[in-house]
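Marked as region 'Disordered' by Swiss-Prot: 52-81, 93-301. Taken from Swiss-Prot, the feature compositional bias 'Basic and acidic residues' applies to 106-116, 126-149, 162-192, 200-226, 273-282. The feature compositional bias 'Low complexity' is assigned by Swiss-Prot to 150-161, 253-266, 283-294. Annotation comment: Swiss-Prot describes 394-563 as domain 'tr-type G'. As annotated by Swiss-Prot, region 'G1' applies to 403-410, with the evidence given as similarity to another entry. If you look up Swiss-Prot, you'll see 403-410, 449-453, 503-506 marked as GTP binding site, on the strength of sequence analysis. If you look up Swiss-Prot, you'll see 428-432 marked as region 'G2', on the strength of similarity to another entry. What Swiss-Prot lists as region 'G3' is 449-452, and the listing cites similarity to another entry. Taken from Swiss-Prot, the feature region 'G4' applies to 503-506.
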Amino acid sequence: MAETTVEKLATEVGKSADRLVEQFSDAGIKKSKTDSVSEAEKQQLLEFLKKQHGGDSAPTKMTLQRKSVSTLSVGTGSDSKDVKVEVRKKRTFVKRDPAAEAEAEAAAKLEAEAKAAAEAAAKAQADAEAKAKAEAKAKADAEAKEKAKANAAAKAKTAPTAEEKAAQDEADRLQAAKDDVAKAKADEEAKAAAEAARILAEENSARWAEEEKQRKELEKNVDHHVTTSSEARAAEDTADANAEKRDRRPRKAPAAAPANAPANTGKGKRRGGKDNRRDSRNARGGRNARNNRSVAPESMDHAFTKPVAVVKTDVSIGETVSVAELASKMSIKATEIIKQMMKMGSMVTINQVLDQETAQLVAEEMGHKVVLIRENELEHQVLADRDGNIQAESRAPVVTIMGHVDHGKTSLLDHIRMAKVASGEAGGITQHIGAYHVETDNGMITFLDTPGHAAFTAMRARGAKATDIVILVVAADDGVMPQTIEAIQHAKAGGVPLIVAVNKMDKPEADPERVKSELSQHGVMSEDWGGNNMFVHVSAKSGEGIDELLEGILLEAEVLELKAIREGMAAGVVVESKLDKGRGPVATVLVQEGTLKQGDIVLCGLEYGKVRAMRDENGRSVTEAGPSIPVEILGLSGVPSAGDEATVVRDERKAREVALYRQGKFRDIKLARQQKSKLENMFANMTEGEVQELNIVLKADVQGSLEAICDSLNGLSTDEVKVNIIARGVGGLTETDASLAAASNAIMVGFNVRADAQARKVIESESVDLRYYSIIYQLIDEVRDAMSGLLAPEFKQEIIGLAEVRDVFKSPKIGAIAGCMVTEGTIKRSAPIRVLRDNVVIYEGELESLRRFKDDVNDVRNGMECGIGVKNYNDVRVGDQIEVFETVEIARSL
């Protein structure tokens, strides 16, 4: 390797040779221009220059800062406030200078050497001192031995004479005799004291044992802690009283006391008690503590005794009770009940309402005795207060006509009643329960006509519950349908006999045998086939078989032996209810027993009232209605729910109390069912914000239609779109409904009702979407369409063209240009593309240029050649395929 001289190094670094020689000299290296430079010298010069210009490679000082933010909850009264706490930490690291480190290491080394030398010198000195001490000790021992020998010799020389020894012995004997006398006297005194102590112990042993027992009990039960002033004062009084009792006990008078000495009286002892109390207070730091001598108090134990066992109480629990109320009854904290409920697997809050069974389990689990209270005692008393000793009489059968929609139920009833009801129904389908009674030659029959539409399940269930016989209408040309099967299930669930009316027998395509065969698959067997169900072939249009059907109904009723109390207080069931604008709440009641009269007090579910007017199914006013008679009653406090029991009571005030109690109970039960803390609801709430909601304000003419519409609309809800009925009711659309719909961005839906003038003004000013319907089909279909508009759209990619690369050209401006032949569809300049090689997508992007010959074009059709430049992609090869596609939005529907 060639040597590097100073001149050559100066040429490489771009400096003059003289300047480089000076820098070498400053770095402590003596060089001339012709001298060679080694790598070590180069490195030494470089380090010198770095230090001189402050260009060290690594920083000598580094500061790290750390900041953490936390939240502290601070309670202020009943509220809590979150305070942010920010903690900042700063730490600085300093890198020492290598020269300083070397100096420090040298100094430390010198210090260690000096320390080692000092330790060696100290050790040598200690060894010398120990050796000197050992020599001095040996010398002292030798001197002591010599001195002892000298003393023994001197003693031997000066031994006592015989006379001196005898005198000494006599003195010792006299001293021993004196000691024996003193010892005997002390023994006698000790025996006397022991005898006195034994006598005192025998006299007071029982009392001392009792006091010791009480003291141990106090120590066991009393929890020592800092007491309040009132507790300390009470403890002092107790201690003073005990001290006075002890002082009043008779004691033996001292022998040295004079005969005329004044005896201590109770009064004086009382003063002593006060003095003791004062001394105790002074010891605590009372007002006279500075002027009196401090005396330790006798006792600071307070009078409270800590309970050592669980206090078991009788807990009275009603039908519903909140967690806070239950804790108050058990005299414990609500948190204890919450902990117990968590152990039992249920998450509750302090204000949550528990049902009676749950509260009973919790209370019994915590060791308390439970007393169940029936809060509806007044309700039982009111309903039990009936007219007695009344004989039951035969009554007319209640017949419910059920079947699939458009199978001719209402038309059949029209022919029986000789009236036109079906023509008055919107769309020709029944949307209410119609209650009618018909007088025949053989007796009276009450008919309930139920809707056959799928939405009216609850109505059909109520009809089957309040009926005696079910007539199942099946169209001979249509056969068994879904609502036909549902009607069979309702009849079987209610245990009601079933009569099958095969309708539309006048049609040429009627096939009654097919109907029998299909019904037999669902457990309905004809009497001709050995079953128990009567089959009657009828035609609502021609009247064929109507008389046979009525005879079959009356025959079945005679077999059932239907009886009811005709006189006395009435009871029945609400078949239908609505809110009439002119008449108020109107309820259709089917009387089941007794006689309902105008002026009676009626308790109807959550509502009550006095019957102000009664109308029959034809709209005529009546004053009374017996068993199996349907009537409309006016005068209730509100619209009752269809299916509620209607009962006549004696006292309007008690009826009001029962109605209010039922309303509160209904509200409590509703709250008890809202378990928001359940795990399954937790996951449902996590995706709640992703679901679109269609808000609806719904009003209908009758309660039954309202229930049916609500059930149908709620059934339309999906995972993506939810129907939210924010308000519903019976009656016309009011200004309040319109304001609510405007505030919540809801659709107003009126089913056989209209909006009043004030509501229309709000609807026009707020541009609220208002829709009227009279047929439930149309309502459900339009709501479904509105929900479809809220669905997130789907996007689909459609291939619109395919080109094959035949050759590749290079362009200096664009890059690789693919000469292509369009084999399918059309190549568009604005559409995105994919590059395929061996039918595998290798690139996805967009076109940069599209030319035919030398002209820029927007599209190239099938069978034509073109030049394609792919943006940001140059790896186009012969044989590749360029696929052009576009994204198409597809509207979704439910």
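Including glycine, each Cβ sits where the backbone N, Cα and C put it.
Small disclaimer: the values here were computed from a predicted structure and weren't measured.
Contacts of MET505 (GTP binding site) defined by a Cβ separation under 8 A and a same-chain sequence distance of 6+ are given as ALA476, PRO512, HIS537, VAL538, SER539, GLU544, GLY545, in order along the sequence. When the binding-site residues GLY403, ASP406, LYS409 are compared by the number of other C-beta atoms lying within 10 angstroms of their own C-beta, ASP406 comes out lowest. Residues of the same chain lying 6 or more positions beyond the ends of the region 'G4' (503-506) and with a Cβ under 8 Å from any Cβ of it are 407-408, 412, 473-478, 512, 537-542, 544-545.
Secondary structure from DSSP puts ASP406 (GTP binding site) in coil.
Across the region 'G4' (503-506), DSSP helix (H, G, I), strand (E, B) and coil residues number 0 helix, 1 strand, 3 coil.
Summarised as a single figure, the pLDDT of the region 'G1' (403-410) averages 74. Counting residue by residue with DSSP, the compositional bias 'Basic and acidic residues' (106-116) contains 11 helix, 0 strand, 0 coil.
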